[in-house]
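Structure, as structure tokens:
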Amino acid sequence: MDLSAINPLLFVAGFLVAATPLIFAAIGELVVEKSGVLNLGVEGMMITGAICGFATAVETGSPLLGFAAAAVGGAVLSLLFAFLTQVALANQVASGLSLTLFGLGLSALIGQSYVGIKPPRLGDIDFGPLADIPVIGPILFTHDIILYLGIALVAGVWAVLKFTRAGLILRAVGESHDAAHALGYKVKRIRTAAILFGGACAGLGGAYISLIRVPQWTEGMTAGIGWIALALVVFASWKPWRALLGAYLFGGITQLQLNLQGAGVAIPVEYLAMSPYIITIIVLVVLSADKSAAPASLGRTFHASN
Amino acid sequence: MKLSTLMTSAALALGLASGAVAQDKTKVGFVFVGPVGDGGWTYEHNQGRLAVEEEFGDKVETVFVESVAEGPDSERVMTQMALDGADLIFTTSFGYMDPTINVAKKFPDVKFEHATGYKRADNVSTYSARFYEGRAIQGHIAGSMTESNIIGYIGSFPIPEVIRGINSAYIHAKKVNPDVQFKIVWAYTWFDPAKEADAAKVLIEQGADVVLQHTDSTAPQAAAQEAGNVITFGQASDMAQYGPKPRVSSIIDDWAPYYIDRVKAVMDGTWESKDTWDGIGPGMVGIGEISDAVPADVKAEALELKDKIASGDYHPFTGPINKQDGSAWLAEGETADDGTLAGMNFYVEGIEGTIPQ
């Protein structure tokens, strides 16, 4: 065992990167579910964002344009879900699942000519002297702008949900769509907007994997991260900061267990491998002991005649 | 009355005709563990499938299902294939072993071929390639080229096939570089690009300047490229797009001749259950071009090693070799038997860490 092989600075910086795709996907889905819609298509929107972002970044040479395209790609795909569930009043679970399957297939099709290509690199933000602060500098001030955007997004969603009228309306639609409708709010429009936001966030998360975390395009490369984001939203009891905490826990412990394996720590590898899932669930379940419940209209179809 | 009779007979005739056509064709199913575009393991199996189509044209129909989870769900996929009339089904991952045996029992007339496993039945063959022969060459290059003397190894699951590869690579790295140390990380997945890239990054952060992988995607190659001065080897497929560096060589699985051979056997009615385990010599394992990033003398030695393995003059597991605990395994000049290799569950002397059970 040689713990000195683990560089704590690189470790922390590494897990911030590993957690970012999860943060984007989870915060987007959190807003969608707060509006009373259950979109199980996160994985499909992520992988679509991953290839849209990758292809655009490669063609234009600009990673930032890539991220913009990823957000658009994810949102466009989610529009399909919005049409199915809000206009055609289809079952949300089935529509979400089919969105995932569709996204996986569509991305594989778009991505055929992008296998093995190296994407342009998105540079880290230059914080000047801040990056030279011992310990804190290398951990906090050596990242790309998208990583900070993820954290800002969590803060933004939290503030909007908690302090603004728009947040109140969104929550009202999610808690009781009939009451919100009776008050004159356009339930379907609000939900569609939330779904689009969720799609754009998932797309950004996917592009973060294909442009920064790996960086390459491979079919099916999100490999279940969308599903983990979905679980995270539930275990975080629909609270933005808890979702962030959960993502950091999951990303951190995943990274830690790989580090410990590399350092040859005498903990059986099986336990290390399962630890991210177990510890994240335990911590978030303990936190959610305050009985925060799911949005009351979650997953229910709304029709004005009901 | 007349009209309906006519319709019925027409429908019957059509049904018979299509039935006759269907019987003409040999239907071959493939169950894949990852997507066909993974650029590695599943990609090469799919190349084998395409080669079967090319070879037999109209006489064969192939179907495949990709990204099938190992375990019970694969049983459902195989059952569906058998019900849909497949004559021969290739199940291409170790974790499909028990499901293949279970489904084969239910469909005695359907032939099954399971890759990398060790359980056979009257209608179940097994086949695998001696990847450890290629690992010996990788170990030689890795041991010669490492400057930090730390070689990172991304394992998938602790199964004999993977452990053989680790041992073979270690033995040959150690031979040329006595100070070499292996850092092994188990990813517990065959295909998860993000996780594979994370594992590669962690190994590189911990000082590895060579990363060997036994997972299926090209993500570790991308991570190594990003990190800079690190070399890697293509796994299962050439992964040439990452050459000349980080990817300096590769193990290429060539399943096409075997698949064509077995489909032909089913067509001729000569198929029988057997175990096939071929290496560099018969061509099931290919060594991808060694790039210019490798010094000329190391390249020459590696190619010589390849020739000696191909001709059978040299076995990668030739004694004296001790097990990790120091007990003797192979005496001077003794070579490992296939039975021990097939069930290998121990590290050789010098590798640190324990194998997860």
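Yeah, the Cβs are placed from backbone N, Cα and C, and that goes for glycine too.
Residues of the same chain lying 6 or more positions beyond the ends of the transmembrane segment (A:6-25) and with a Cβ under 8 Å from any Cβ of it are 42, 46, 135, 138-139, 142-143, 146-147, 150-151, 153-154, 201-202, 204-206, 208-209, 212-213, 222, 225-226, 228-229, 232, 243-244, 247-248, 250-252, 254-256, 259-260, 262-263. Look at TrEMBL and you will find A:6-25 (among others) tagged as transmembrane segment.
Packing against the transmembrane segment (A:37-58) from elsewhere in the chain are residues 21, 25, 28-29, 65-74, 77-78, 81, 85, 92-93, 95-104, 106-107, 110-111, 114, 117, 119-120, 191, 194-195, 198-199, 202-207, 209-211, 217, 220-222, 224-227, 229-230, 298-299: each is 6 or more residues past its ends and has a CB under 8 Å from a CB in it. Look at TrEMBL and you will find A:37-58 (among others) tagged as transmembrane segment.
The feature transmembrane segment is assigned by TrEMBL to A:64-84 (among others).
A Cβ distance under 8 Å defines the sequence-distant neighbours of the transmembrane segment (A:96-115), meaning residues of its chain 6+ beyond its ends; these are 38-48, 50-52, 54-55, 58, 77-78, 80-81, 217-220, 226. The annotation transmembrane segment is assigned in TrEMBL to A:96-115 (among others).
Annotation source TrEMBL lists transmembrane segment at A:135-161 (among others). Outside the transmembrane segment (A:135-161) by six or more residues, the chain places 9, 12-13, 16-17, 20, 23-24, 27, 30-31, 34, 64, 67, 122-125, 127, 167, 170-171, 201, 204, 208, 212, 240-241, 243-244 with a CB less than 8 A from a CB of the stretch.
TrEMBL lists A:193-214 (among others) with the feature transmembrane segment. Note on the transmembrane segment (A:193-214): residues 17-18, 20-25, 27-29, 31-32, 34-35, 37, 39, 42, 45-54, 57, 63, 66-67, 69-79, 81-82, 85-86, 119, 122, 144, 146-147, 149-150, 153, 170, 221-222, 225-226, 229 of its chain, located 6 or more positions outside it, place their CB under 8 angstroms from a CB of the stretch.
TrEMBL lists A:220-238 (among others) with the feature transmembrane segment.
If you look at the transmembrane segment (A:245-265), the same-chain residues 6 or more away from its ends with a CB under 8 A from one of its CBs are 1-3, 5-6, 11, 14-16, 18-20, 22-23, 26, 228, 232, 235-236, 272-273, 275-277, 279-280, 283-284, 287. The feature transmembrane segment is assigned by TrEMBL to A:245-265 (among others).
Taken from TrEMBL, the feature transmembrane segment applies to A:271-289 (among others).
Sequence-distant residue pairs (6 or more apart) of the transmembrane segment (A:220-238) and the transmembrane segment (A:64-84) include fewer than 3 whose Cβ atoms are under 8 Å, leaving the two stretches without contact. Residues of the same chain lying 6 or more positions beyond the ends of the transmembrane segment (A:64-84) and with a Cβ under 8 Å from any Cβ of it are 39, 41, 44-46, 48-58, 90, 95-96, 99, 102-103, 106, 119-120, 122, 145-146, 191-192, 195-204, 206-208, 211.
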